[in-house]
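Straight from Swiss-Prot, the features:
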COILED    26-73  coiled coil
TOPO_DOM  22-100  topological domain 'Periplasmic'
TRANSMEM  4-21  transmembrane segment
Amino acid sequence: MKWLAIILVVALLALQYRLWMGEGSIASVVSLNREIAKQKEENARLRERNRLLAAEVDALKQGKDAIEERARNDMGMIKEGETFFMIVDETDKDTKKNKK
């Protein structure tokens, strides 16, 4: 009976070690669940970015309005006969003077 108790205690310790420290342990499962959650967030962010880029590509394929808007905003282009006015904020001037 004494040997049976010792064997059972050793088996219990071996199983507990595997549960807490071994492969597939509670700690590794928790860590994997965290990684899965992070990856799901990243996938959702990238999916939204892809959706926006696809919408932009479709808009550029559809007509001149999107191309014109892009040229105006990104490249600073203006139409023939238009006048471009740049409004400078006074606080920007003061900030630049104080840095010198």
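Just so you know, glycine gets a Cβ as well, placed from its N, Cα and C.
Residues 27 of the same chain, all 6+ positions outside the transmembrane segment (4-21), place their C-beta atoms under 8 angstroms from a C-beta of that stretch. Broken down with DSSP, the topological domain 'Periplasmic' (22-100) shows 59 helix, 0 strand, 20 coil. Averaged across the topological domain 'Periplasmic' (22-100), the predicted model reaches a pLDDT of 83.
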